[in-house]
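K.L.:
The structure's right below; bear with me while I get my questions together.
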Amino acid sequence: MQSELEIQAVIGFTGKIIQGLVLHPDNEHVIYPLGSTIVVRHIITRQQTFLRGHDNQISVITVSRTGDYVASGQKTYMGFQADIIIWDFKDRSMIHRLKLHKVLIQSLSFSYNELYLASLGGIDDKNMLIVWDIKAGKALYGTPNRDPVNQVQFYNQSDEKMIAVLNTGVQILTIDRLNKKIQSVDVNFGNVKRTFTCVAIDKNDKFCYCGTKTGDVFEIQMDMAIYKRLAPVKKLFSQGVNCLGLLQNGDIIVGAGDGMIAKVSFQTMQIVASSELLGGVTSVSFTNDQTHFFAGTVQSNIYWLDTEKLIPELRNTCHYERINDVAFPHNYSDVFATSSLNDIRVWNAKNRQELLRIQVPNLECWAVAFMNDGKSIVSGWSDGKIRAFLPQSGRLLYVINDAHIHGCTSLTCTSDCQRIISGGSEGEVRVWEIGKQTQVMKSSMKEHRGRVWSIQVRRNNEQAVSASADGSCIIWDLKSFTRVMCLFESTLFKMVLYHPEESQLLTTGSDRKITYWETFDGQAIRMLDGSEEGEVNALAITKEGEHFVSGGEDKEVKLWGYDEGICYFKGQGHSGTITRITISPDQRTIISVGAEGAIFIWKMPESVINSKAQQELPTVQSVKKQNDIQQQSQQQQLQQSVPKDAQSQKSNQNAKSVKSGTKSSKK
């Protein structure tokens with residue numbers, strides 16, 4: 001029976017979801033999605049709790065007026081149902097799982113008295129609008145729409161009226177309980193045509209404001225269903241309006257696609273204050289007193305701003321694109337580094353804060369590693385260069401130009417910190433000697449015909465093994481720079497590991513198999529089914545070699561027993577392919593990184609830690625056994641060194657005693 005891996009913490013925020021960052025009405029918690037997990041984080045203590053129930057990427061999230069309920073919807077594959085889950089915030093538990101929509105949940109909204117939940121499907125669901133009874137968890141009313149609908153929002157003072165934002169217009173919807181229908185009235189825009197994106201309703205339900213892709217904001221009088229004014233007067237917002245928020249005095253907070261956040265005056269409809277944020281603004285969530293608010297961006301940054309001057313303060317950062325590699329320093333578990341598009345980031349493993357960001361614009365970092373002495377961070381980039389940086393300041397230490405033709409895809413360092421072994425996308429494996437002032441290529445070994453995905457070095461620095469997409473793993477002699485052995489399999493190898501005893505190898509790849517190999521003769525000993533769905537990309541093994549971890553396209557982190565070949569623990573949370581996995585040097589945490597830009601920190605199960613402790617305890621007994629064996633061998637040596645006469649006397653005495661024993665037995 002497989003147990004569930006416990007998430008210790010996550011680093012990440014899916015910033016592309018419109019209004020995905022929500023400040024809870026208690027003003028103490030921030031709620032946001034990360035992959036298929038909802039993260040509830042305390043603002044002051046930074047303690048995280050998780051709501052887990054979705055099996056695919058979350059597409060929308062909303063919180064009720066009192067904060068008792070949280071609702072979330074997901075995105076699935078074509079033809080499959082997309083789930084809506086209503087959560088109890090206090091108990092952090094699931095209340096209802098609602099299934100009617102297909103493929104995508106576009107928008108969710110709670111009614112004023114928290115009696116109903118309105119949900120909106122995507123284009124594949126015929127833009128279906130369904131109103132649910134929250135207590136019973138049943139669908140009450142439903143209606144499809146011809147035009148694509150982007151958002152639905154309940155009025156602030158009514159349980160029966162909603163506004164639907166269509167691509168081509170805006171509709172005011174009313175629930176007709178007698179006829180069990182949803183009646184609609186189109187807002188009159190005259191000759192003006194826009195593509196509408198979002199809506200914000202004032203507290204008295206008199207006016208609402210709709211953002212457009214053109215970059216302007218419409219003011220609509222709701223009782224007359226007619227538009228009144230346009231804002232801003234002169235300058236449009238670049239790349240469209242993504243989200244809107246309303247202050248108590250009527251002023252509008254606008255989040256634009258180019259990263260601008262602005263305050264538009266209710267009276268003059270002109271921009272009063274503005275700031276530039278990193279990435280297009282997708283979320284705005286106010287405190288109860290509306291003096292400050294949180295803003296989330298496409299580049300997964302979370303900002304804290306005041307509502308008067310809009311001065312931004314960066315509160316949280318994370319990767320927003322695929323993470324390619326993750327690495328710990330040698331025997332140090334408090335810090336780790338990740339590599340992604342444009343940058344390398346160094347993280348504090350305890351409080352999950354970003355310590356250092358090393359940026360190289362318009363390039364992708366494919367591999368990252370720490371030198372064993374901790375004096376440099378070595379990285380391989382898509383332009384074929386190997387760059388080394390100082391770990392505290394991030395200053396460039398040296399560059400190896402033209403290390404590989406079409407990018408350096410993997411690298412590792414020897415334990416004496418004098419050599420780097422790198423692999424390229426053309427299949428070459430190169431050894432570099434690192435001096436104080438120079439970096440010299442000692443050898444270029446060209447036997448692979450595909451991308452080198454992984455390289456591992458033995459502890460004595462005499463041999464290395466490389467795994468390639470051409471279906472071969474080659475063990476290299478680092479003294480003569482020749483091939484020692486080659487392992488062939490009909491797969492694209494993605495990862496290779498030495499067992500800590502270095503008598504066996506562990507490989508995985510596109511055939512979904514995890515294979516054990518003998519390093520002596522290169523024979524495959526055992527093959528395990530690493531996944532049922534997709535290829536396995538990542539492996540990591542514990543120091544004792546009793547357990548190993550795998551991950552890949554099935555988005556699951558699996559903890560295996562090495563000798564048994566059985567998966568004991570499984571962790572779900574990623575919404576993208578898992579690209580790399582590593583185990584902290586203290587063996588207490590597992591870190592997995594994914595294609596969606598998320599970093600998951602998993603707690604190593606107590607049973608695994610206890611088994612390691614039990615293995616360490618018998619070392620005293622084993623020492624005693626060794627001493628006993630040594631004493632026995634010494635006694636045997638003494639006996640062999642005794643003269644033959646003394647030995648014959650002893651044998652005569654033994655014979656006499658045996659005879660006397662037989663006589664006594666006869667009597």
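Going from the start of the chain as shown, residues are counted 1 onward.
In case you wondered, yes, glycine gets a Cβ from its N, Cα and C as well.
Sharing the record's features from TrEMBL:
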type: REPEAT; residues: 401-442; note: repeat 'WD'
type: REPEAT; residues: 445-486; note: repeat 'WD'
type: REPEAT; residues: 529-560; note: repeat 'WD'
type: REPEAT; residues: 571-604; note: repeat 'WD'
type: REGION; residues: 621-667; note: region 'Disordered'
type: COMPBIAS; residues: 630-641; note: compositional bias 'Low complexity'
type: COMPBIAS; residues: 646-655; note: compositional bias 'Polar residues'
type: COMPBIAS; residues: 656-667; note: compositional bias 'Low complexity'
K.L.:
What does DSSP give as the helix, strand and coil breakdown of the repeat 'WD' (401-442)?
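P.N.:
Going through the repeat 'WD' (401-442) residue by residue, I get 0 helix, 23 strand, 19 coil.
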K.L.:
Under an 8 Å Cβ to Cβ limit, what residues of the same chain, 6 or more beyond the ends of the repeat 'WD' (445-486), are close to it?
P.N.:
409-416, 419, 421-431, 492-498, 502, 505, 507, 509, 517, 519, 522
K.L.:
Taking only the residues in the repeat 'WD' (571-604), give me the average pLDDT of this model.
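P.N.:
Result for the repeat 'WD' (571-604): average pLDDT 93.
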K.L.:
How about long-range neighbours of the repeat 'WD' (571-604): same chain, 6 or more residues beyond its ends, C-beta under 8 Å?
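P.N.:
Distant contacts of the repeat 'WD' (571-604): 4-12, 14, 34-37, 50, 52, 55-58, 300, 318-333, 336, 338, 340, 347, 349, 352, 534, 537-543, 549-553, 555-559, 612.
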K.L.:
Taking helix as H, G and I and strand as E and B in DSSP, count the residues of the repeat 'WD' (571-604) in helix, strand and coil.
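P.N.:
DSSP composition of the repeat 'WD' (571-604): 0 helix, 19 strand, 15 coil.
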